[in-house]
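Q: One structure, pasted below without further comment.
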Amino acid sequence: MQFSAKVFEASKQRTACAIIPVDAKNRFTASGTALDEACGGAISTLLKRKDLDSKLGATQLLPMTEGPAERVLLVRSGEGVLSQADFRKLAGASAKAVKGYKDAVSYLTELEVSDADSTWQAQQLTLAAGLAGYKFTRCLSDAKPYPLAKFHVQVPERKLLNAVKKGVEIGAAQASGSNLARELGNLPGNICTPTYLVGQAKEMAKQHPKITTSVVDAKKMASLGMGAFLSVAKGSDEPPALIAMQYKGGKAGQKPVVLVGKGITFDTGGISLKPGQAMDEMKFDMCGAASVFGVMAALAELQPAINVVCLVAAAENMPSGGASKPGDIVTSMSGKTIEILNTDAEGRLVLCDALTYAAKFKPEVVIDVATLTGACVIALGNPASGLYANQDELASQLIAAGERSGDRAWRMPLWDEYQPMLDSNFADMQNIGGREAGSVTAACFLSRFAEDYTWAHLDIAGSAWYSGGNKGATGRPVPLLIEYLLNK
Ligand code: BES
Ligand code: MN
Ligand code: ZN
């Protein structure tokens, strides 16, 4: 999809669909008024029939026979200055309504939003349009993607041109990064294997001169002492991989941000086998990895002057004669020993070795992203990712990035009181902490491998995909991470 920002003259601008806000008192903004005049008052005549619901975010599509727009989408914008959350509703509702047309011009930037500039408005509109334009078609025999090819954002005043352009650029990169993450997430486990992700990472390096890719394979993992990582892959016929993609946009000496993604391409639970109900959704257990791929793609698009390393801890968790068993004890790369009491707590086992490996890049900060615990889904549901951090400043920056992008996170505790729940009678620690505070004890486990640097962990088990009728990957937390990286 192509995105652009321009000063449009609504009375003349030809488009398949013009998106026009209408406030609680049926008033237009400047462009709405101009467009209404250009079609002989047809829009206000139709509005008087009261078909446009009064609820904020309600939409009504008007097919036009007069004027430069083939269709007009009316969007109810409520009263006075909008909150950011309300503007996001309008962005989402209008994006959904226009995805079936070949292009659209959004005049919603003529609205006023509290504590938000036109860069933010343009970014939100573009992100919403980009996300609405995605559909998983790869495995359909008769694929019909959405037709929306061009999405234009109105620049309300000429002096705002650069500000709006910047917002469009960021929103477009966030959308394409999220959509890559969604595509990888939605791919089934028989296609998207660890080896497939390796191919994807190599392709990334081939396409972009600022990206290089290297791979730690099983043999190298063994020589590095990654006993925890290898214990997860042992039961599978698919070889594991620890992938490193490096984006070098900054100076050579500049410390990188290291992102680490959980890439379990299918999680059966292993010998601690999961129940059959909804087990298909465990193809999404690589959504953390998918999100770091999305971030890489966005960086390649935006080319910011920073250094970022993305690590992908890829493996498949299967039961077999070669699989790890409850009670097995393994030695991680850090030297710490782990008693595996539940083979379904596998994410932390691949991540702990990836976190130890991350130190090799002399990171400024390390952020891991993982569909780590069902307990996080129970605690926060879909709206928020669970955020843990060993430094308050990093936590605040990530929360702020989530608020600004609309891809929100909520901080959870990493208190010492939780740590003893991981005590083992037979090893340095066990890989589960019991039923209570399951998301917290998983984070506590990871924290033991991130003591040497500033670190945060995003548990995206609830936010990374939708279940039910809308089943599919969301691409989160790509927008949050991009927002964070651009503010560095
Ligand atoms: N990938 C799952 C977490 C998960 C479960 C995410 C359901 C989304 C929905 C993870 O590997 C896992 O199985 N975690 C266990 C940990 C437990 C054994 C301590 C869980 O959450 O049940
Ligand atoms: Mn599991
Ligand atoms: Zn898992």
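Note that Cβ sites are derived from N, Cα and C of the backbone, with glycine treated the same way.
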Q: With ASP344, GLU346 listed by TrEMBL as binding Mn(2+) 1, identify the candidate in ASP267, ASP423, ASP428 belonging to that site.
A: ASP267
Q: With LYS262, ASP267, GLU346 listed by TrEMBL as binding Mn(2+) 2, identify the candidate in ASP280, ASP285, ASP353 belonging to that site.
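A: The one candidate that TrEMBL places in that Mn(2+) 2 site: ASP285.
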Q: For ASP285 (Mn(2+) 2 binding site), which of the three DSSP-derived states applies: helix, strand, or coil?
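A: Assignment for ASP285 (Mn(2+) 2 binding site) reads helix.
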Q: Which has the fewest other CB atoms in a 10 Å radius around its CB: ASP344, GLU346, the listed binding-site residues?
A: ASP344
Q: Taking only the residues in the domain 'Cytosol aminopeptidase' (342-349), give me the average pLDDT of this model.
A: 99
Q: Have a look around ASP267 (Mn(2+) 2 binding site) and count the other CB atoms within 10 A of its CB, chains all included.
A: 25
Q: What is the interatomic distance between the Cα atoms of ASP267 (Mn(2+) 2 binding site) and LYS274 (active site), given in whole Å?
A: 8
Q: When the domain 'Cytosol aminopeptidase' (342-349) is classified with DSSP, how many of its residues are helical, how many are strand and how many are coil?
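A: Taking the domain 'Cytosol aminopeptidase' (342-349) as a whole: 3 helix, 0 strand, 5 coil.
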